[in-house]
């Protein structure tokens, strides 16, 4: 008689055979967003009403820039993984491939734009592209 754990019985099930890894990735990013969202709200609340020079100086400090960057990166990776599952469930064929490509490109473009903007604010005139 063999003893099979519930995890072993569930492993490999599903059409993609990677549901466990995806579930853990989504869970970890959701927990990270649970911590980062209130911190990001505090950062944004403190930035409201600042002049442009004060805002550049504020995001030039490490804590606000780091919290903002982490929030955008973790949030967009969570978005990419979530939209991938939604697209896999509701689209077929070429439309599925196009939608996945669009959502991944969009997510990484938002991450790149946010990190570039934070680097420009934090480093000032040093970063020129």
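Cβ coordinates come from backbone N, Cα and C, glycine included.
With respect to the membrane, residue 22 and residue 97 are recorded by Swiss-Prot on the same side. For residue 90 (ubiquinone binding site) paired with residue 78 (heme binding site), the C-alpha to C-alpha distance reads 19 Å.
There are 18 other CB atoms within 10 A of the CB of residue 78 (heme binding site), with all protein chains counted.
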